[in-house]
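What Swiss-Prot annotates here:
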TRANSMEM  25-45  transmembrane segment
TRANSMEM  49-69  transmembrane segment
TRANSMEM  87-107  transmembrane segment
TRANSMEM  120-139  transmembrane segment
TRANSMEM  145-165  transmembrane segment
TRANSMEM  176-196  transmembrane segment
TRANSMEM  220-240  transmembrane segment
TRANSMEM  242-262  transmembrane segment
TRANSMEM  280-300  transmembrane segment
Amino acid sequence: MQTQDRFMSPQWKARFKGYVQVTKPGIIFGNLISVAGGFLLAAKGDVNLVLMLASLVGLSLVVASGCAVNNCIDRDIDAKMQRTSKRVTVTGEIAVGNVLAFGLALGVLGFSILALFTNALALLFAVIGYIVYVGVYSLYMKRNSVYGTLVGSFSGAVPPVVGYCSVTGQMDMGAAILLLMFSLWQIPHSYAIAIFRFNDYAAANIPVLPVAEGMTKAKLHIVLYIAVFALVSALLPLAGYTGIAFMAVTCATSLWWLAMALKGYRHDVDIQRWARQVFGFSIITIMALSITMALDSQVIKEQVIGQTSLFTLVK
C-alpha cells in the first residue's frame, strides 16, 4: 500500500512527467509517422507486423535517447531561452546525471531492438543519425556554425530511411530520395522556427541563419529549399515508387507551402506570424506526404497483383 501511495504522490508524478518531457514526445510522434511511411513505402502492402513494430519501437527509443542527451548538453543555452528555461535539466528538478543515464539506457535498448529485428543497414543509419545529432550537431555545430541546421537536417531525415531499409536491406534510389527529401524539408522548417523564436536564439548566441546573417537571407533560403523539396518529392512517383495520388498530394502541399513562403516578401508582412504559418504548414506537408506515400504504395502493389492474376487467367 505504501509503495502504491508513493507512486501516486505528486512528487513521483512530477518526476515521471519530467522524464517523459526530456524525450520530447512531439518529436517522437513526428518521427513515428515518417518511420511508418518509409516502412510501408518499401513494403508495398506486404507488411511484416513484427518487423514494423520493432522498427517503430526501436527507432522511437533511439530518438528519445538523442533528445534526452541533447537536453543534458543544451542545459546552459536552454537557461537563456524563454521557451526552454523551464526544462528539468535547467531547473534541476532531475539531476543531469540521471537524465543522461536515462537517455543512454533508452539508446541501448533502442539500438538493441533494431539490431535484433531489422538489418545491418537500418541499424547503421540509426547509429549514424544518432552520432550526427548528438556528437556533431548538439556538441559543436549548433553552437558554433551557421551551417548547424544543414548538418542537423541529416539526422532528422534518418527515421524514414531506417523504416525503408528495415524492409529492403539495401540503399536503393527510393532510400536516397527519402533521405534527400526529408533533409530538404528540415531546413525551411527549422529556419521558420528560428525566425519566430529569434529573440531566444539571439539571447543564447546560437548562430542560426536568421540571427547570424539576417532575415532577408533566411527568407530566401526558405523559399529555395521548399522549391527544391517540391522537385525532389516528385521523384518518388516519377521513379515508380508511388502513384498519381502521391503526386497530387505532393504538388498541392508543396506548391501551397511555397506560395506561403513567398508571402514573406510582402512589404506589410508580420514576420513572426508568417514564420509560424510556414512552420505549421511544414508539419502538415510532411505528415500528408508520409501517410500518402504509404497508402499509395499499397495501391500500386494491389494493382500489380490484380494485373498479374488477370494475365494468368487469360493465359
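Including glycine, each Cβ sits where the backbone N, Cα and C put it.
Within the same chain, the transmembrane segment (280-300) stays apart from the transmembrane segment (49-69): fewer than three Cβ pairs sit under 8 Å, each pair at least 6 residues apart.
Counting only same-chain residues 6+ beyond the ends of the transmembrane segment (120-139), those with a CB under 8 A from a CB of the stretch are 55, 58-59, 62, 65-66, 69-70, 73-74, 107, 110-111, 114, 148, 151-152, 154-156, 158-159, 161-163, 165-166, 169-171. Using the rule of three or more Cβ pairs under 8 Å, pairs at least 6 apart in sequence, the transmembrane segment (145-165) is in contact with the transmembrane segment (25-45). Long-range contacts of the transmembrane segment (49-69) within its own chain (CB-CB distance under 8 A, at least 6 residues past either end) are made by residues 22-24, 27-28, 31-32, 35-36, 39-40, 43, 99-100, 102-107, 109-114, 116-118, 122, 126, 129-130, 133-134, 138, 155, 159, 162-163, 166-167.
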